[in-house]
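Novice: As listed in Swiss-Prot for this protein:
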ACT_SITE  C272  active site, nucleophile
ACT_SITE  H355  active site
ACT_SITE  E357  active site
BINDING   S51, G244, G246, M273, Q276, N312, G314, F315  L-glutamine binding site
DOMAIN    196-382  domain 'Glutamine amidotransferase type-1'
REGION    1-192  region 'CPSase'
Amino acid sequence: MMKRIPAILVLEDGAYYKGWSFQQDKQEITIGEVVFNTGMTGYQEIITDPSYFHQIVAFTYPEIGNTGINNQDIESHSISIKGLIAKNICKISSSWREQQSLVKYLSSNNIPFIFGIDTRSLTQYLRQFGTMNGCISTDNLNHSYLKQKICEIPSMQGLDLIPHVTTRNVYPWDEKSFPNWYLTDNIRVHRVIQLKVIVIDFGVKLNILRRLATLGCQITVVPAHTPLKDILAYQPDGILLSNGPGDPSAVHYGIQTVTNLLDYNVPIFGICMGHQILNLALKAKTFKLKFGHRGINHPSGLNQQVEITSQNHGFAVELTSVFESPVRVTHFNLNDTTIAGTGHNQSPYFSVQYHPESSPGPHDADYLFESFIEIMTKSKNKVS
């Protein structure tokens, strides 16, 4: 039986919360940006999502871990978060798909976690004062000392975290969505023309790749630093700019690559970080949100059409800057009216701030992958 030990969460402004953790082989202090996610389900997908790199995630739902961990519901091949915060972590999980408990999964990967704190109070605090750096510690419980340690770490603004999560090597991808991912077999699969898609990996979620493969695309994933000439050498029918962590304005090499790609009129689809990088390349600007959008029930839409979407980002495209660029707004976040999607007025470029691949979350926006297929097909037919 794992031994319960005292733990503490400290925020950079000095606020702190006392709770509990379990004894791990390696006791240490972990520091990262403290954010909250409002999803009731999908904790496994969340903690393995590379977009959460360098972040300590607080789950607002009062208990997580009930269904354990399995080898399918992962969005990368390692845990991405720096730490986990919960009101309660279920120690006796149950699911026919379970292969290990959440506690064992976190402990075996030396991911610090704290439970037994008032996560509602913490969430309200972050909403009022904004997301900020913080730490979880079981090694040293002196909050004054820990506050000093936190202040040594830079804030998320200005951080380029892509080198930590992008692939080091080019690789093909052909794994499709799991058979039970859809409740219907009525899925259009485009097999007449096999479209070549280059995915620029800023921290791509695996289900983005699965959705493209399911629709019959020939996928090649390339590192974020890949030179333009190497990308064009594949003669792609389309470019997908993936999700990823950090401040998009700090990813200068990615912005420059996309800026140069615009000269070739190759269809581009941006998701989350990719959305921000595409808009920065189109001369728009981004800014840091006070506490971000992280959850699986965010309404997005325009002109009386609404999609319930999965979102995970701390930055957004500045609305006034879009008016000075060649794009139009296609979606707004209906909670705070920030931009949730844009499209180019003349060229085949479009992007969304949310996750159409869900995992976790609803499938309302999955049609965007179909839209990408249609845009690539039309563009390919024009060339031929």
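Including glycine, each Cβ sits where the backbone N, Cα and C put it.
The shown structure was predicted, so the numbers you read here are calculated from the model rather than taken from an experiment.
Help me see these features in their spatial surroundings.
Specialist: Around C272 (active site, nucleophile), the C-beta neighbours below 8 angstroms that are at least 6 residues distant in the chain are S51, S242, N243, G244, N312, H313, V352, Q353, Y354, H355. C272 (active site, nucleophile) falls outside any helix or strand according to DSSP and counts as coil.
In this view, H355 (active site) is surrounded by 28 other Cβ atoms within 10 Å of its Cβ, with every protein chain counted.
There are 25 other Cβ atoms within 10 Å of the Cβ belonging to E357 (active site).
Spatially close to Q276 (L-glutamine binding site) yet at least six residues away along the chain are P248, G270, T286, H313, F315, A316, V317, Q353, judged by Cβ distances under 8 angstroms.
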Novice: Beyond the listed site residues S51, G244, G246, M273, Q276, N312, G314, F315, identify every same-chain residue whose Cβ lies within 8 Å of the center of their Cβ atoms for the L-glutamine site.
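Specialist: Those within range, site residues removed, are N243, P245, D247, P248, C272, H313.
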Novice: Do me a favour and check the Cα-Cα span between M273 (L-glutamine binding site) and E357 (active site); whole Å is fine.
Specialist: 14
Novice: Give me the long-range Cβ neighbours of G246 (L-glutamine binding site): same chain, 6+ apart, Cβ under 8 Å, in sequence order.
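Specialist: Set apart from G246 (L-glutamine binding site) by at least 6 residues yet with Cβ under 8 Å, we have F53, H54, M156, L159, D160, L161, I162, M273.
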Novice: CB neighbours of G314 (L-glutamine binding site) within 10 A?
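Specialist: By my count, 22.
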Novice: How many other Cβ atoms are found within 10 Å of the Cβ atom of G244 (L-glutamine binding site), counting all protein chains shown?
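Specialist: Step by step: centre on the Cβ of G244 (L-glutamine binding site), count other Cβ atoms within 10 Å, giving 32.
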Novice: Between G314 (L-glutamine binding site) and E357 (active site), what is the CA-CA distance rounded to a whole number of Å?
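Specialist: Between the Cα atoms of G314 (L-glutamine binding site) and E357 (active site), the distance comes to 19 Å.
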Novice: Within a 10 Å radius around the Cβ, which one of these binding-site residues has the most neighbouring Cβ atoms: S51, M273, N312, F315?
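Specialist: Sorting the candidates by Cβ neighbours within 10 Å, the top entry is M273.
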